[in-house]
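Lifted from Swiss-Prot, the feature list:
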| type | residues | note |
| --- | --- | --- |
| BINDING | Tyr166, Tyr200, His224, His226 | Fe cation binding site |
| REGION | 287-313 | region 'Disordered' |
| COMPBIAS | 304-313 | compositional bias 'Basic and acidic residues' |
Amino acid sequence: MSTNPRFDPNFTPYVINSMGPKTPERARVILGSLIRHIHDFAREVELTPAEWMLGVEFINSIGKISTPIRNECHRICDVIGLESLVDEIANRIVTEQGLSPTSNVILGPFWSPNAPFRELGDSIIQDPNPNGKVTFMHGVLRDMETGAPIAGAVLDIWQASANGQYDFQDPNQSENNLRGKFRSNEKGEFYWYCYHPTPYSLPTDGPAGVLLNLMDRSPMRPAHIHLMITHPDYATVINQIYPSDDPHLDIDSVFAVKDDLVVDFKPKTDDPKAELDLEYNVKMALKKHHPNPNSAPPVSSFERYNKAGKEKL
């Protein structure tokens with residue numbers, strides 16, 4: 001707390017202590033810390049009434065533009081790095097031997113629980129785009145400690161098309177285009193056809209765009225493929241896979257790039273169905289190593305898609 005003698009040192013504790021005895025303990029911890037930090041923030045920058053009201057109006061604008069499938073507050077949390085930080089806190093795994101699994105990153109708003117199961121070797125490309133570069137993606141799931149292959153894991157993949165839009169953003173794409181679920185085989189192997197990913201901009205027509213512009217930051221996301229891997233015995237892996245030559249890796253608008261998720265796409269000459277090859281191997285941690293072993297991924301905007309219809313996120 002600020003020690004500036006101009007400010008009443010008893011005010012913040014008074015506000016925090018106003019919480020009644022029926023306040024749940026975890027709520028008391030979170031709200032007490034929030035009040036303490038936001039009061040300290042106001043003192044530190046000597047927030048003016050006009051600046052405070054500008055902030056209130058900005059928060060109001062977040063609610064006004066949000067819809068059942070456009071979660072602008074989620075996007076604001078992304079562009080200030082809060083979701084990435086919460087994800088890191090929730091999923092940090094390091095064993096006593098210093099081993100760690102493949103990195104987790106944010107789920108993002110475009111995951112769908114409705115992606116269909118497909119057979120290994122199938123393509124998730126349902127609506128071909130003339131600019132899409134078909135990629136044969138393959139790899140092996142292994143236990144991070146023993147190196148043993150992990151059979152029977154579900155790999156859920158989704159990506160934007162070559163125009164930078166996901167299926168439910170684009171009326172020209174059918175539902176579940178560039179989405180699919182696969183099961184690893186007895187050798188822990190997985191393989192399918194997808195596209196080399198395409199970079200795209202976050203929507204800038206709302207408060208997130210205003211905030212990015214105010215901070216003189218790019219709205220671009222580097223090209224990426226989303227992957228979520230689940231298994232009854234292992235901690236869930238949610239990540240995004242980035243081409244190493246993408247120019248936006250260092251300026252990702254949601255701070256989700258991690259070194260072990262940056263990969264090389266290579267030319268493929270032995271398969272008439274693909275022009276690129278991507279090998280991507282994954283290390284998974286048993287649930288006993290996970291700080292939140294039974295945590296589920298957050299609800300995505302897409303879960304309300306079928307009721308709300310197609311609308312720009």
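Every residue, even glycine, has its Cβ placed from backbone N, Cα and C.
Residues Tyr166, Tyr200, His224, His226 make up the record's Fe cation site, and a Cβ search at 8 Å around their centroid adds Gly108, Phe110, Trp158, Gln159, Ala160, Pro197, Arg221, Ala223, Ile225, Gln240 from the same chain. For the recorded site, His226 (Fe cation binding site), the DSSP three-state label reads strand. The most crowded of the binding-site residues listed here (Tyr166, Tyr200) is Tyr166, judged by how many other CB atoms sit within 10 Å of its own CB. Using a 10 Å radius centred on the Cβ of His224 (Fe cation binding site) and all shown protein chains, the other Cβ atoms total 27. The Cβ neighbour count for His226 (Fe cation binding site), using a 10 Å radius and every protein chain shown, is 23. Tyr200 (Fe cation binding site) falls within a strand segment according to DSSP.
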